[in-house]
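Quick notes on the structure that follows.
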Amino acid sequence: MPRFLPEPPHRHGNPATTAVVLVNLGTPDAPTAPALKRYLKEFLSDPRVVEIPKPVWWLILNGIILNIRPKKSAAKYASVWMPEGSPLRVHTERQAKLLKGLLGQRGHHLTVTSAMRYGSPSIPEVLAHLKAEGAKRILLVPMYPQYAASTTATVVDEAANWLTKIRNQPEMRFVRNFHDHEGYLAALEKSVRQHWQTNGSLGDNDRLLISFHGLPKRSLDLGDPYFCECHKTGRLLAERLNLKPEQFQICFQSRFGKAEWLQPYTAPTLHEWGSKGVRRVDVICPGFVADCLETLEEIAQEGRDDFLKAGGKEYHYIPALNEDDAWIKALADIAEQHLGGWSTKTAFDPHALETSAREAFKFGARA
């Protein structure tokens, strides 16, 4: 088997284009048990996601989880599925389209597309397509505001693995995080204030719950900065909203398994608040820039049930940033910052490219 993937012949006179790729977690292709089984197998087989000895985890995953979870998860996905497909994929594709338009308005000549770490379109598929189209410079933007080894790092891993198979590699850059980016925080603040304009501000007996996806506590103990970056995002957002400490709480959702995860946990907090007389809860999930199963089902549906059944009176989920104009502007600012030094504002001159190719051939270059 060849060490490298087949490479098209080098062609003189082709423009060196630039591409931006928005990368999110991933999604099954359909809200069905078979599709969920394929997706979960890929996702939960990533050693960045599950740090358990491989032989032990293989038995648990293939013997138990993949025989139980797909059917249950399929029903949950079906409850949030959009006519166009999975919410996460739909919103990410829309974000890429809007980002391309805004960067174009700012004078950039580049391609903007999206990829998924698990499922399709995969990172290798998208990178291979961009390379075939002539991309020589690629900026990957993992859509995770807070860095974690199980999210951002595995995107870098997958892209780097693809690069090891490429003879003629493009330049590649990665955005590490943007948890304290001014534009991102401003977009979050705007979404909360717009919600309050419609539903009223928080009263004395109301709370804002700032919920992030959870990780095993072991990740923090081993040096992962995710917990600290989540707290910084939550604290800065609360400051912008002029909230007192007793008016908000940072929590972590989606606990899986019996191990201790980052705390406090979202679901028990909602239950406790409802049982202790908190009247209203507004929930925002800053770690998700596009709505998905974890926000639309776990928070918007299950969270509401937990709080109201425990005695709460009013519950609101504040949607993810999705296609909000302030967020797309922030995303463009983030992309521009990391595109620095790459020539993206100069239109290609076909005559100059043709002349360059002609000169190369004159001095013996291969056609």
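The backbone N, Cα and C atoms fix where each Cβ goes, and this holds for glycine too.
Sequence annotations record features per position, and here Swiss-Prot assigns Fe cation binding site to HIS213, GLU294 based on sequence analysis. Sequence-distant neighbours of HIS213 (Fe cation binding site): residues of the same chain at least 6 apart with a C-beta under 8 Å from its C-beta are PHE252, GLN253, SER254, CYS285, GLY287, PHE288, GLU294.
A helical conformation is recorded for GLU294 (Fe cation binding site) in the three-state DSSP classification.
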